[in-house]
Amino acid sequence: MELRHLRYFVAVVEEQSFTKAADKLCIAQPPLSRQIQNLEEELGIQLLERGSRPVKTTPEGHFFYQYAIKLLSNVDQMVSMTKRIASVEKTIRIGFVGSLLFGLLPRIIHLYRQAHPNLRIELYEMGTKAQTEALKEGRIDAGFGRLKISDPAIKRTLLRNERLMVAVHASHPLNQMKDKGVHLNDLIDEKILLYPSSPKPNFSTHVMNIFSDHGLEPTKINEVREVQLALGLVAAGEGISLVPASTQSIQLFNLSYVPLLDPDAITPIYIAVRNMEESTYIYSLYETIRQIYAYEGFTEPPNW
């Protein structure tokens with residue numbers, strides 16, 4: 001059995017047609033049919049239902065297909081990573097969600113640059129979902145995000161959980177609780193500004209899920225493009241917003257931050273890399289994160 005047999009079989013299953021699969025693979029249909037027959041004979045198992053239109057897998061064929069696509073994906077990743085390692089220019093590409101710039105990420109990147117003065121570091125702002133695809137396609141090497149998106153090709157590690165705060169106008173009644181804090185059910189009747197508006201899932205999805213977990217359903221929800229816009233509107237008296245605690249570094253006239261007391265009112269911070277990633281630069285990035293976290297006094301630094 002060779003990799004081409006797996007690629008031929010996967011193409012037939014996905015196209016549900018020998019003719020379309022042959023066109024996709026740029027080979028004639030008769031040789032393709034013979035290769036599939038040879039594969040079945042080698043396995044001693046019928047993988048495709050005979051005479052079905054469109055082409056369908058047998059139960060055994062479906063099982064074989066699931067593992068074939070995983071194996072081919074790993075092979076493609078191996079080839080991509082090998083070519084990247086062989087590249088003359090050493091570059092690491094890092095994706096991040098914008099709100100992390102108000103926390104520890106700038107310090108992590110700065111210390112990492114100091115540790116690797118000859119390494120080219122490229123930064124790309126993108127959502128967690130986009131980071132997942134960019135990692136799989138080799139467009140970035142690491143991603144910092146706030147959502148846990150499961151993907152067998154990606155290793156995602158929780159760095160820490162960050163508390164959520166309520167951003168309010170200084171004249172808002174909730175600001176009277178600035179020293180004590182408020183709960184989610186205190187916000188249910190407020191006009192809430194969430195961000196970003198797209199693509200989903202995103203931070204606004206996470207916030208709405210927290211409300212839902214408490215059996216709460218805010219009805220006055222406005223979604224805006226980014227955190228800076230949300231906070232600017234809050235400062236203008238247009239509503240309130242739920243933001244990570246690190247966002248308090250954004251200070252605007254008449255903008256105030258009130259603690260949110262619910263234990264699960266948190267937003268996680270993850271780092272994501274490819275599952276087979278073994279670059280020394282990635283391990284060095286881990287070590288840089290450990291140093292910053294230790295300096296900040298986090299009791300349980302990430303353990304890779």
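Backbone N, Cα and C atoms are what each Cβ position is placed from, and that goes for glycine too.
Phe203 is the residue from Phe18, Phe203, Phe211 that Swiss-Prot records in the cis,cis-muconate site together with Ser99, Thr128. When Swiss-Prot records Leu104, Phe144, Asn202, Tyr293 as binding benzoate 2, the matching candidate from Arg93, Arg113, Arg156, Arg160 it lists for that site is Arg160. Using a 10 Å Cα-Cα cut-off from Thr128 (cis,cis-muconate binding site), the binding-site residues that qualify among Ser99, Phe144, Arg160, Tyr293 are Phe144.
Cα separation, Ser99 (benzoate 1 binding site) to Phe203 (cis,cis-muconate binding site), rounded: 10 Å. Over all protein chains present, the Cβ of Asn202 (benzoate 2 binding site) has 22 other Cβ atoms lying within 10 Å. Of the listed binding-site residues Phe144, Phe203, Tyr293, the Cβ environment within 10 Å is emptiest of other Cβ atoms at Tyr293.
Note on proximity: of the binding-site residues Leu104, Phe144, Arg160, Tyr293, the one nearest Phe203 (cis,cis-muconate binding site) is Phe144, by Cα distance. Within 8 A of the CB centroid of the cis,cis-muconate site residues Ser99, Thr128, Phe203, the other residues of that chain are Val97, Gly98, Leu100, Gly127, Gly145, Arg146, Leu147, Pro196, Asn202, His206, Thr267.
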